[in-house]
Amino acid sequence: MKLKNAVALGVTLSAVVTGAAFADTIRVGVIAPFSGPFALYGTQYEQAIAAYQAKHGTSVGEHEIEFIFRDSGGINPDLSRSLAQELLIRDQVDYLAGFTFTPNALAVAPLITQSETPTVIFNAATSSINRDSEFFLRTSFTLWQVSAPIADWAYDQGIRTVITTVADYGPGIDAENGFTAAFEARGGEVIDAVRMPLSTTDFTPFLQSVRAAEPDAVFVFVPGGPTTFAYTRTYNENGLREAGIEFLGTAETEESNLQALGDAAIGLNTAYHYSAAHDSDMNREFLAAIAEMDDPAAVNWASVGAYDGVHLIYEMIEAAGSDGPAAVEHALGLEWESPRGPLVMDPESRTVIQNVYHRVVQRNEETGLLENFETGIIATVGDLGWDQ
Amino acid sequence: MGLFLNIVVDGVAYGMILFMIAVGLSVTMGLMRVVNLAHGGFAMIGGALAHVFGTQMGLGFGLTLLLALAGTIAIALPLERVIYRRVYGFGELQQVLATIGLTFLMIATVNWWLGSTLLAVAMPEILNQSVDLGFRTLPAHRIAVIGLGLSVTLGLWILIDRTRFGVRLRAAVDNRAIASAHGINTDRIYMITFGLGAGLAALGGIMGAELLPIDAYYPLRYMVLFLIVVAVGGMGSILGSFLAAIGLGLLETATRYLVPDLSTITFFALVIALLAMRPQGLLGRE
């Protein structure tokens, strides 16, 4: 942005911020995909917000809270940026939220820094985002946060040699680094690191090579949906399980596509911060609230990320109204109970410190549905990728 | 030696799946000369119907397959009468625009009806097993696809080269006006052939679903894959598509075994080189 424009924008934005301080309606702009292949995220955010508001009302103190939704489609940083600009200037929002994809979040960093707008990330999981603006707060997770604990778990199970197989794109490489660093720190050995093209449809060649190398386990990171489906099928059909090569993953068994994976998914090991099968009254209440919606979407980490994000926004509004810097100040170090377990907003990395659970896929005998059964907590950690 | 056998077995199995999902396109685009980008849409409709009949309603696999194929053809025939009949006469670019528009329509419909998540297609128990080949195992459904692919190739060859219908079809494609003048009902021939193409698309979609799972965005996700097979094989040649699919399957599998990190680049570089040398494809007519 040219300097002149930047100054002009800065002046407009600060006028907006001071103006809004006297309003008793506080607006929150939610930028997320509401159309296209990733529209499910938008629905999940919308329903989580509705569930929170059904329980806690639509006002905090004297402030009425209004959510404004904007569709960013898929990965589209330019659109994300212009939507944020429009929300800040025309709709005079005091908070931003949403952000499914890392590039979309990075694109708004200069805007929120200038306008001092607290921005709660519901999903985007690359560690480095929060470095770009101190107004980013994240209620989801980072890739390091979940891929390092699965390495610890594997080592504790006696697994010493691993081959990593990740999709060749940013998040895959983050996951590979996180896993390898933690596993090697414990004394394990990563004997091969395979990066698979994102367009891969047939994983047989990769998994046959893994099988031939006979490691104790294979670590995987692939995007959810069709890719995960093909990968897990291939893992089973080529007899890696029978050969004693354990499956180590993170989000692969997420709830929106879990039933479609079928029996092939049973027994897969993952480490993650949220399972819809988490055993707590608060989680059951959350699931029940979503189930009451018209056409309820599957509840997974994106739903709980949004639910906690709204909680954080309510807390900030209660403490600081529309004063951005004071709101962020209040958020740092904040502790609360979430459907996924206890959370603390890490004052340094501004990502939540949370339990990472080891889960194994099982068929629930009562409902007949597949679920991620949590066997225990591996670690309670913040963003392990922050210092990398 | 083990590696070589792996490449051959996996390459042929993968190539046959490519052939099954692309053969319908080589009928509509290859034989009928209509740039049918909605081909993947028919495959998806077949898969979505199989999901509804098999997974949601719990019907047996045989019945599910039959109903899904019949359902897809029942959707395709009216589309042919109302839309494609007009599209045949368009230029190539207009055909692309018309059929891609149709694809978006199909995607939006399935997305609205069944959502954007994976639509599992239940396979019968017998196809879910692994078969021991001595030196390794191979999933039974891949062996079934290999068998099916061979029979479809043979069936189509007999139909087009050896039957009266085939003669009429080839005549209608080569010169529609003269074929009509000889008393051939070309409208009917086109409609039947289009239905055949859509039915084959659905069959490929369902049988290939273990590898290329069905969801609302299926037609766009795998469009390049279908088009490559037909383009490399040569327009109008079923045998060309067959050879191309097997060749591409072997090529892609070999690069993934040998140079995993560079496999996509190697694959596309070789396809580009081939098309530069033979723009009409392996067995295409000039």
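All residue numbers here begin at 1 and follow the chain in the order shown.
Quick reminder: no glycine exception, Cβ is built from N, Cα and C everywhere.
In TrEMBL this protein carries:
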TRANSMEM  B:6-27  transmembrane segment
TRANSMEM  B:34-53  transmembrane segment
TRANSMEM  B:59-79  transmembrane segment
TRANSMEM  B:100-123  transmembrane segment
TRANSMEM  B:143-160  transmembrane segment
TRANSMEM  B:189-212  transmembrane segment
TRANSMEM  B:224-251  transmembrane segment
TRANSMEM  B:258-277  transmembrane segment
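Between the transmembrane segment (B:143-160) and the transmembrane segment (B:258-277) there are fewer than 3 Cβ pairs closer than 8 Å, counting only residues 6 or more apart in sequence, so the two stretches are not in contact. Within its own chain, the transmembrane segment (B:59-79) has Cβ neighbours under 8 Å at 42, 45-47, 49-50, 53, 102, 122-124, 191, 194-195, 197-199, 201-203, 206, counting only residues six or more beyond its boundaries.
Counted over residue pairs 6 or more apart, the CB atoms of the transmembrane segment (B:189-212) and the transmembrane segment (B:34-53) come under 8 Å in at least three pairs, which marks the two as touching. Beyond the transmembrane segment (B:258-277), the same-chain residues lying 6 or more positions past its ends with a Cβ under 8 Å from any Cβ of the stretch are 228, 231-232, 248, 251-252.
Counting residues 6+ beyond its ends, the transmembrane segment (B:34-53) has Cβ neighbours under 8 Å at 21, 24-25, 28, 59, 63-65, 67-69, 71-72, 75-76, 84, 87-88, 92, 95-96, 99-100, 102-103, 106-107, 110, 113-114, 119-121, 197-198, 201-206, 208-209, 214-216, 218-220, 222-223, 226 in the same chain. Residues 36, 39, 42-43, 133, 136, 138, 142-143, 145-146, 148-150, 152-153, 156, 193, 196-205, 207-208, 211-212, 222, 225-227, 229-230, 233, 235-238, 240-242, 245-254, 257 of the same chain, all 6+ positions outside the transmembrane segment (B:6-27), place their C-beta atoms under 8 angstroms from a C-beta of that stretch.
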